[in-house]
Every structure is written in C-alpha cells, then in structure tokens.
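Worksheet: one structure, shown below.
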C-alpha cells in the first residue's frame, strides 16, 4: 500500500534501489562461485530475483519461501519417481511417469482452490507443478538429474537470500506497518467525512455553494478509501504474517484483527455513503425544521467523529485509551436526545410564526406577528428523518468499531495509559456528567416550547 503523503521520487527510490542492488549482487556472487560448479547457471538466480522481489518485506519473504519449498519438494519427489520408474523396466516406466504427473499435478492444482492454501501457498503450488513436471518428463538419467537439482537449488538459494537481505536492509517496507497505517488513515478519513457531510447539510445553501472547494469535496469523499481498501487489507495482512519481529510488532501479531477492524470501518462507511447521497438529494427539508434538528444532529456527528479520532490515536500509539468509554457514553446520550426530538416531531403539530399586515384598533397600519399552523408534507420531512436515522445508525456502527479495536488492543497487548492521564480522564468525566444534566434540562425545555 503506497502512502498518499509520500513523494513519488522517494517511493521510486525505495523500490528501485533494493531491486537493482539484488540484480547486481547475484551475477557478482555467481561469478565468484564458478569453482563450485554453479556459476554457469547465473540466469536462474537472476530470474529468481526478478520473480520473487516485491514491494514489501512480507511479500518478498512469502515468495522466497514458497519458491524454495516448492522447488525442493518437487525435485525430491521427481527424483524418487524417476528412479522408481527407471527400475521398473521399459514396459512400466512411461505408465509410472505419466500416472505420477497426472496425480500429483492434479492434487497440487486442486489445492490451489482451497482458500486457506491459495492465500499463502498459491505460488509454491504453481512452482511445485512446474518443477515436478520438468524433472519427471525430462528424460535425463538419474545422475544428471541430481546434478540439475543441485544447480537449481543452489541458484535459487543464492537469489532468494540476496533478495531477503536487500529487502530487509535497504529501505525496508514492512507490510504490517503499512496495514497499521492504512487502518489508522481510514479512521481519520471517516471522521472527517462524517463531520463534513453533516456540516455541509445544516449550513446555509448559499454559504455552502460559496465556501465549497476542491479540498472540502475531497474530505467529503474520504469514506471511499475505506470502501475500496478490502483487497489491500487482506493482502497486507497475509504478507504481514510472514514477517519477523519489527518495530512494535512481534512475530505472531494478531493481524487478522486488523481485517475485522477494517470490515467494521467499511460497515460505517456504507452508512456515510448513504448519508452523503441523502444530503445531495434534490428534496429539501423546511429551514425551521433543519434549524431545530441541527443542534442534535451536529452534536451526535461530533461525538461519533470524536470516537473515531480517538480510536485512530489508539491504533497509532498502540495505547489503550481511558477516555473512550466516556466518549461512547456521550455519543449514546446524543443518540437519545435525537431520538427524543424525532418522537416529539411525530406527536406535536408544527407551528411557525408568519408576519401579516393588518390594521390596529387605532387605525394605524402596523405589521403584527400572527402564529399560524403550517402544514408540512411527508415528502419534506423524509430527508431530515433519513439524515437523523442514518446518524443514529452510524453511532451504532461506531460502537462496533470500538468493540473490534478493543479486541485488537487485548490480543496485541497494547500499553495502558499512565495514572496521571487516567486521573484527568476521571475529572473530565465528572465535568461531562454535570454538563450533560444541564443539556438534558435545556432539551426538555426546548421540546416543551415546540
């Protein structure tokens, strides 16, 4: 996965330097090894480097292990089958060779359709089929096959070793680190998209058209990164399992938990996509209703966005947050307030104040404010109710994101915040409790006025 903030020149340098170094070192090593009888097969070592070298260390290690294992197993079985066939006489030799090729190649091909094997050993199965077929039907004598196998294994060992050393020592790109940053960036983009969508909906239409820029449109579309990252996440998680200990990630790090976090983020992103579509609808709600619901919707979206940003900090620092429970509780309270506002909308008549011109008792013309009942059609209410319902659904799915991140934090053994931060969090929790009680009183008074 390529970072968006990384300059193109630096990215090309990180990819080309290790690859070029490997291709230069292989012929150099092979030229010094001619006395051992393997120098004349430098082509196989160079081909190994070209085929197995990948962008991340995990992908390179995966291909190297698969190629070496597939070649060794296929060569050993091919030599065994070829020896047995040569000892069986001219009558049974072609039957044994053809039957073994059919059975083992069919079994290896079938194994490539098993999801667990295809994810990690698909390349090794393909190399097994090619090498076993080459050895079995080559027509060489057994002594010549031993020499051929010795050369092939030697050149592959040299090529894979140089690939691994250069990919780990020269500007290494770890698949685990890339996956970690990808999940964090998706959380931040979802948070920004949610804030941008709700703010864009409840601000004045004229002001929205004047202030909307290319940067703001890019922020609003940030949720699409989470929607389109499933294949990348699964690929990086698969390659990360091959990598040794690096940075803050140990061997056996729970990479599968990152896939669960990514799935929960996509579930949340689908709702944000629906919210963005509802906001872009041509049907508009009355301004007085939008003004009444704006406080509840903006509060809820702000709380949900704050939870996602806090989770991004948890992922980035690999530290358990002591504030996340308080923030989730605030989000639940905001959901309850919005639900109460929706319930009051369905039970009470909608009144507005219109200014009409009339004459007073003393005969002077004077504008009087006369309250009148305005009938709002169902079509006008539906967009606002849809936005409110989607925000409630986003809050519910944000809680699922919190659960998956907590599961990752437990299995990965994230650090715990210091005692001073926990004490500050407890003090802020008490302050937030008092402010929530005041907000509930204000909400009840507002509902009574409506």
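Placement of Cβ uses the backbone N, Cα and C atoms for every residue, glycine included.
Among the features that TrEMBL reports, transmembrane segment is placed at 35-57 (among others).
Taken from TrEMBL, the feature transmembrane segment applies to 64-84 (among others).
For the transmembrane segment (96-114), same-chain residues at least 6 beyond its ends with a Cβ under 8 Å from one of its own Cβ atoms are 77, 81-82, 84-85, 88, 121-122, 125-126, 128-129, 132-133, 136-137. Summarising the annotation, TrEMBL assigns transmembrane segment to 96-114 (among others).
TrEMBL lists 121-141 (among others) with the feature transmembrane segment. Counting only same-chain residues 6+ beyond the ends of the transmembrane segment (121-141), those with a CB under 8 A from a CB of the stretch are 62-63, 65-67, 69-71, 73-75, 77-79, 81-82, 97, 100-101, 104-105, 108-109, 111-112, 148-149, 152.
Among the features that TrEMBL reports, transmembrane segment is placed at 153-175 (among others).
Taken together, the residues in the coiled coil (328-355) have a mean pLDDT of 74 on the 0 to 100 scale. As annotated by TrEMBL, coiled coil applies to 328-355.
The annotation region 'Disordered' is assigned in TrEMBL to 431-450.
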